[in-house]
Amino acid sequence: MNRLGRKDNETLIEMSLATDGEDSNGPLCETISNTESELRSNSEINKRHQSKDSVFFRDGVRRIDFVLSYLDDPNKEEEKKVERRREFEKNLQKAGLELETEDKKESEDGKTYFVKIHAPWEVLITYAEVLNIKAPIKENDIPPTVENPLDCMLEPFRLPEKVMHPEPDYFTAPFSKSRQELYLIDNESTFFSASRRNRIVYYILTRCPYGTEEGKKKFGIKRLLSNGTYTAAYPLHDCQYWKKSNDPNCDNERYTLYMEWARFLRFYKEQPLDLIRKYYGEKIGIYFAWLGFYTEMLFFAALVGLICFLYGLFTMDENMSSTEICAPAIGGEIIMCPLCDEKCEYWKLNTTCESSKYSHLFDNVATLFFAIFMGIWVTLFLEFWKRRQARLKYEWDLVDFEEEQQQLQLRPEYEAKCTHRKKNPVTQELEMVVKKKTLHENGKLFLCYIGIIFGISLIIASMIAVIVYRLAVYAAFASIMENTQTLQPISGLLTPQLATSVTASCLNFVIIMILNFLYEKIAVWITDMEIPRTHLEYENRLTMKMFLFQFVNYYSSCFYVAFFKGKFVGYPGTYTYMFSRWRNEECDPAGCLIELTTQLTIVMAGKQIWGNIQEAIVPWIWNWWGRRKARCNPENLYSRWEQDHDLQSFGALGLFYEYLEMVIQFGFITLFVASFPLAPLLALMNNILEIRVDSWKLTTQFRRPVAAKAHSIGVWQEILNGMAILSVVTNAFIVAFTSDMIPRLVYYYAYSTNEDSPMSGYINNSLSVFQVSDFLEGKRPENNPENFLTCRYRDYRYPPGHEKKYLHTMQFWHILAAKMAFIIIMEHIVFIVKFFVAWMIPDVPAEVKARIKREKFLTQKILHEYELNKLKQKLCECKTYENMEKEVIATEGKVELSQAM
């Protein structure tokens, strides 16, 4: 029996295209509508007698699939909001949904109305067919893979089987109303999981009309939330997270997730991905699967990075360069030129003794090995993730999802703009499409992209402003610290370079946070203006814009230190100046690599700490503040929908920011890893915490997100591939131009004169001589108490008195040629290995390919047998025996052909 009172294949979309004046004769909902005029003050069942864990209507039978809330807040707009709600809920009832309203008198604050929504069986099966939801038809009888004998070693990290695999494995097929008996329907109330039910209801809510305003048809819960008609729309958690529900029919999945997954003490356990997928949907499940796999792969990178760091630590005392710098007879006798004009003084090279030792921790032979290793590690990570993702697609019935995503999940905003029909070249059917953009609309899009260029320019301008700040305050810090007696006890720790770098980093961090907030709004606005067709297109376009902004925002300072700082300084007497005023910044006396390491550590660690504070502490504080009054009330008055209402909203972009945070971190550990081998270790420790923080906040601090499907991590895969290729180039340039490895190798093989100790004399060889009398007026240091005649600086130039005075020596050009040759050789070696590894590792495991083919064959066979049995039944009842016999023979032929294939 059709409970909806309309055609079997009619959906809400078709209903919404009916004329507005048409009178509906469909069945009325069994519950009251959500309008003030129809609210009953004398409820049949007092709220005090309801369990606070109840996820059912007052009758205790119909499950609450979704909840809408709104406030009783009289104002000028209230009458319009009442009319919108009345029309919206009337159309929801026409679509077959059942509503039940909780009066504001029964709410904890006395102001909030709650509209509970239930989707009956007919609605569920209608939209299950529309959304092409797959349903079980037979239990999977394919033998499981042979277990690895070494799996017993991983037993301490395993979770119970019931937690890891909460449901049996089935063969599935897209649901069809016309052949319900084909599916394994034991109980209509539990056949569709809660996540699938809320996904269906949300699909209806986003497309339900609520009237016409300003000559345009308005529809969708998103608009009603944005204009304040409703204050919230969310599905319910199934129970409290800290204890099980009293309802024997409740699966207590939230409690299980909290106990087995969302607590930090379970950090060493595997993640229950199947349960996450069942409770939150495939999209969130894919994210945690990727995050977990990324963290596992980071273990190997962190281990190798730690070994490289320990190599630098154990060989620190054997480093000839730092030994000569620290030696009083060498470093103590070398007088260096001032680091700024006028205010700075001459200084001795051995004052950088400690920093030169620390520089060896990261600037050694192991750095080259680690840079090459990380280039190969990135490829292995991406290729093995493709295989893991392919396995998940098979296990979660997402093999054919890409086509469904494009065809079925049209955005309501796009559908609202569809005014023309166009023939689909594939299906040859007419489809509603958006008309071609007018000149006015093209002009708005042009302004949008001008806004993108302006935003990136603003980031570059802010970076230049920070550089100017560093140049302007360095001399001031140098003067203040040298002339202030109170700073003398810490002068060895707080140097002018360190003070400038720390304050500039703090300023840069504040600018990054401000620009992040600004660019988020710009990127969303521009993407909305483009009117993408599907949710997938919308997310991909928004992702590319946001990542472009974040890439420039976070990495610009690191690119400056790695590739520009200290590269265009000039030499004493002929320094280069920015805007003809500020002298270009030189590297730290220990070199630029140690400063890049410092910058990378501060930005990376600061971002991770700030991110965890935002993700965990801020939602907890807001929830604590929102629940402070409810704690004073009896427990049985605080209902399930009110508890979830007081939680934070995860939002449509909640998962987007989680991916963005991890991809930015991925850039830090790949693009600049040659300067900081411990970066993967920091990322590993952060990600172990990140998994539990994300799971904890999702399970305890946020409302239950609407379930959504996804077959991959989307456009993030392409972004990771691009960063993997770019990382090879950046690390090659860091080793060649930022570290001192190439100059040392050139000296070792071409310019060393001591066979017993080839690296002795390198420091003296790498410093050029400048005659103090050649300083220009206004640039000469104000103080020269010891009357130094010459000073040294880092470069390869001819000394005073030479016919090529202060020009680059031949050794400079040898080193430059060696650097360029090294970049070309390293890039080609790493790229060849990367592409060979990618070619060797198939994206889909052979076992998964075989299982997919096997399941498709068996599913097709089951469907053919089902149709064959139906035809045989008709044959017995039908009088036209010959015609039906031909039909049976044709169907049997199809089965034989399928078996042969």
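Residue positions begin at 1 at the first shown residue.
Positions of Cβ are set from backbone N, Cα and C atoms, glycine also.
Whatever TrEMBL says is automated annotation, not expert-curated.
Look at TrEMBL and you will find 56-273 tagged as domain 'Anoctamin dimerisation'.
The domain 'Anoctamin transmembrane' annotation in TrEMBL covers 276-855.
Taken from TrEMBL, the feature region 'Disordered' applies to 17-45.
The feature transmembrane segment is assigned by TrEMBL to 287-314 (among others).
Under the heading transmembrane segment, TrEMBL lists 365-385 (among others).
Long-range neighbours of the transmembrane segment (445-478) within the same chain, counting only residues 6 or more positions beyond its ends whose Cβ lies under 8 Å from a Cβ of the stretch, are 339-344, 437, 496-497, 499-501, 503-504, 507-508, 511, 515, 518-519, 522, 525-526, 529-530, 545, 548-549, 552-553, 556-557, 560, 578-579, 582-585. Residues or ranges marked as transmembrane segment by TrEMBL: 445-478 (among others).
For 498-519 (among others), the entry in TrEMBL reads transmembrane segment.
Within the chain, the transmembrane segment (546-564) has long-range Cβ neighbours (under 8 A, six or more residues past its boundaries) at 452, 455-456, 459-460, 463, 466-467, 505, 508, 512, 515-516, 519-520, 522-523, 592, 595-596, 599-600, 603, 607, 656, 660, 663-664, 667-668, 671-672, 675, 719, 730, 733-734, 737-738. The transmembrane segment annotation in TrEMBL covers 546-564 (among others).
Proximity of distant same-chain residues to the transmembrane segment (663-684), defined by a Cβ-Cβ separation under 8 Å and at least 6 residues beyond the stretch ends, is recorded for 294-295, 298-299, 301-302, 304-306, 308-309, 362, 366-368, 370-371, 374, 378, 547, 550-551, 554-555, 558, 562, 593, 596-597, 600-601, 603-605, 607-608, 716, 719-720, 723-724, 726-727, 730-731, 734-735, 738-739. As annotated by TrEMBL, transmembrane segment applies to 663-684 (among others).
The annotation transmembrane segment is assigned in TrEMBL to 719-739 (among others).
Residues annotated as transmembrane segment in TrEMBL: 812-841 (among others).
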Six or more residues out from either end of the transmembrane segment (719-739), which same-chain residues have a Cβ under 8 Å from its Cβ atoms?
363, 367-368, 371, 374-375, 378-379, 382, 543-544, 547, 562-563, 567, 591-593, 596, 663, 666-667, 670-675, 819-820, 822-823, 826-827, 830-831, 834
State, in range form, which of 287-314, 365-385, 498-519 has the highest count of Cβ pairs under 8 Å to the transmembrane segment (812-841).
365-385
For the transmembrane segment (365-385), could you work out the same-chain residues 6 or more beyond its ends whose Cβ comes under 8 Å from its Cβ atoms?
290, 293-294, 297, 300-301, 304-305, 307-309, 311-312, 669-670, 673-675, 677, 680, 717, 720-721, 724, 727-728, 731-732, 734-735, 739, 741, 826, 829-830, 833-834, 837-838, 841, 843
